[in-house]
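Read through the structure below, which is laid out as structure tokens, and then see the notes.
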Amino acid sequence: YINYKNMSHQHTLMLFNLLPVGSNISTWWNFGSMLLSCSMIQIMTGFFLAIHYTANINLAFSSIIHISRDVPYGWIMQNTHAIGASLFFICIYIHIARGLYYGSYLNKEVWLSGTTLLIILMATAFFGYVLPWGQMSFWAATVITNLLTAIPYLGTTLTTWLWGGFAINDPTLTRFFALHFILPFAIISMSSIHILLLHNEGSSNPLGTNSDID
């Protein structure tokens, strides 16, 4: 039995140089494209949430309630954005685990661009976690940003600068919202570089053979 449909599909991809990988890859190689889908969902839902969100310590939580209750389909946007973030991390950890297991780290440029992406993603998620300004948001902002004080000489100055004062307050929330809004564009840029480098070098496969073997 020969799957001609699958063969023609692969041939089309190879014709346009869109498949820098052997045909022996497994399901574990799906998570890269799934991460791109997650990015698109997060950016679209995030944009609609940002329209109705208010970056003020007295109004932030109320604006979240307003999105859930009053904005048409706001509850879908909010839940999709929150659950989508968890899905994003599930996909990225599986993506990294596959890379570790099959030795993708040998492709240094792709691996380092991916590491940079993970750091930016974790920072973006942290800033987003703070935005509802609930009890846990306040606690997270205090604890995580306080880690900066461990840096010798510069720590206290850096923390004060990040907070916008001597304690977490309105300026902190405003800049966290600005960072949460701008960092996804850095993620898009780094993702483009990540994919460009991957297509330049070629992906790994379960056997560790050359990407152009077939």
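Cβ atoms are placed via backbone N, Cα and C, with glycine included.
Annotated features, as they stand in Swiss-Prot:
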- 31-51: transmembrane segment (TRANSMEM)
- 75-96: transmembrane segment (TRANSMEM)
- HIS81, HIS180: heme b b562 binding site (BINDING)
- HIS95, HIS194: heme b b566 binding site (BINDING)
- 111-131: transmembrane segment (TRANSMEM)
- 176-196: transmembrane segment (TRANSMEM)
- HIS199: ubiquinone binding site (BINDING)
What is the number of other Cβ atoms found within 10 Å of the Cβ of HIS180 (heme b b562 binding site)?
22
Just to verify a number: CA distance, HIS194 (heme b b566 binding site) to HIS81 (heme b b562 binding site), in angstrom, no decimals.
24
State the count of C-beta atoms found within 10 angstroms of the C-beta of HIS81 (heme b b562 binding site), not counting that atom itself.
20
Can you check which residue among the binding-site residues HIS194, HIS199 has the largest number of Cβ atoms within 10 Å of its own?
HIS194
Cα proximity to HIS95 (heme b b566 binding site), best match among binding-site residues HIS81, HIS180, HIS199:
HIS199
Give me the CA-CA distance between HIS81 (heme b b562 binding site) and HIS199 (ubiquinone binding site), in Å, as a whole number.
30
Determine the Cβ neighbour count for HIS95 (heme b b566 binding site): the number of other Cβ atoms within 10 Å of its Cβ.
19
